[in-house]
Amino acid sequence: MVLKEDTPSSTTPQQASTTSPTFKPTVASTMPTISASNEWSPLRSLLIGRASHSLFPSEPPHMTRATMPSAHRSQFRSLNPFPAHIVAKADEELDNFARVMTERFGIKVYRPREVDWAKTNMGTGGYTGAMPRDGLMVVGNTMVEACMGWGCRRDEVEDAYGGFLQMIMQEARERGESVRICRAPKIVGRDSVYDGLLDLPDGDPDEHVDVGVHGPNESSEMGWAINNTRPAFDCADFMRFGTTIIGQLSHVTNRKGVDYLRAVIPEPYTVELLNTTDDHAMHIDATILPLRQGTLIYCPTRVTEEELRRHEVFKNWDLRPLPWNPEEETDEEDDGPPRYMCSKWLVLNAMSVDEKRIVVEEKQERFARWLEQEFGMEVVRLPFRHVNSLGGSFHCATVDLVRGES
């Protein structure tokens, strides 16, 4: 396997692609093209995903065992589409979300083009365009594309968002802005990220299998489902707290991936790793939820307050564990479509509009009331259960392009 580097300061040359209609509210012409350094400053520009033609991701069995709920693992096979009615409803929810962002909050919204995922990856199939957070993140004036570990997602950013990235670069040029888009290195030949892991025994499908790669820190014996032969990371394993980016190693993010991210982000940003205790770690944005500067909610079964306070950025923060375990609840949310890829801790995958307002799934009423009563937040309740079925909630389904005062 050879990694072919693209020029970090520009997008990769590509065929012109057709983007779907862009929602264009009235916004100040002085708004930058991309500029974001945290998860809570006033949101001004946003990319929202698209669910059309989504397929169950197909990766080796050991990866599926390590990351997916046992009840649905048989669905994760090549070219297997999500149920059509779930995908259709998910697109309705995403469209409604986009309308609310533009009409109620005046946020500029971009959408990716529609992709037939069964025709991607030379016919072996991809996954979805509904979860752009996994593939893209903005750090200051730099957009970073993830070096995804999953083979079925290798071309996802190019297929769904390539035209969008070209548009962003064109807008920046027209405004004379200094913007960087760092495209991921292309894998030439066979991918080595599963080498040494593909011959693992199937084992009990209901139990976590130690896949044999060193875990998140020196004290952990947990194994990962990818090795460290090349950079691999999903952007959803990282969150911005000013100039400090907090991330984690996971079944899709390795140490070389962290090193790559450190190398491409601009100064003075730094990356620090959180030591979690999640055997099925994949994306940090259902483990921690920053509400605003100085306030963070976390999943106490995945990370401790002591570990959070080890990081200077959190030393004086109000750190609140969610005071109940969503997995132990039976509520009206259980009457909805299956959570094929997620646990109930997806409740933490909310998205802040600013320091006072946050978007949560409309059926997560206990969580919404808690945010209102404990933190004085204005909670925007929107339907999103069918998007949840595809693997994420409001944070996963977005990339915040511009945050900050106008």
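Cβ atoms are placed via backbone N, Cα and C, with glycine included.
Listed features, source TrEMBL:
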REGION    1-29  region 'Disordered'
COMPBIAS  8-22  compositional bias 'Low complexity'
ACT_SITE  Asp234  active site
ACT_SITE  His283  active site
ACT_SITE  Cys396  active site, amidino-cysteine intermediate
Inset, instruction - For His283 (active site), list the number of other Cβ atoms lying within 10 Å of its Cβ atom. - result: 27
Legend entry - Listed in sequence order, residues with CB under 8 A of Cys396 (active site, amidino-cysteine intermediate) and six or more positions away: Met131, Arg133, Asp134, Ala236, His283, Asp285, Asn349
Inset, instruction - Give me the non-local Cβ neighbours of Asp234 (active site): same chain, 6+ apart in sequence, Cβ-Cβ under 8 Å, ordered along the sequence. - result: Asp134, Gly135, Ala146, Met148, Gly149, Ser250, Val252, Thr253, Met282, His283
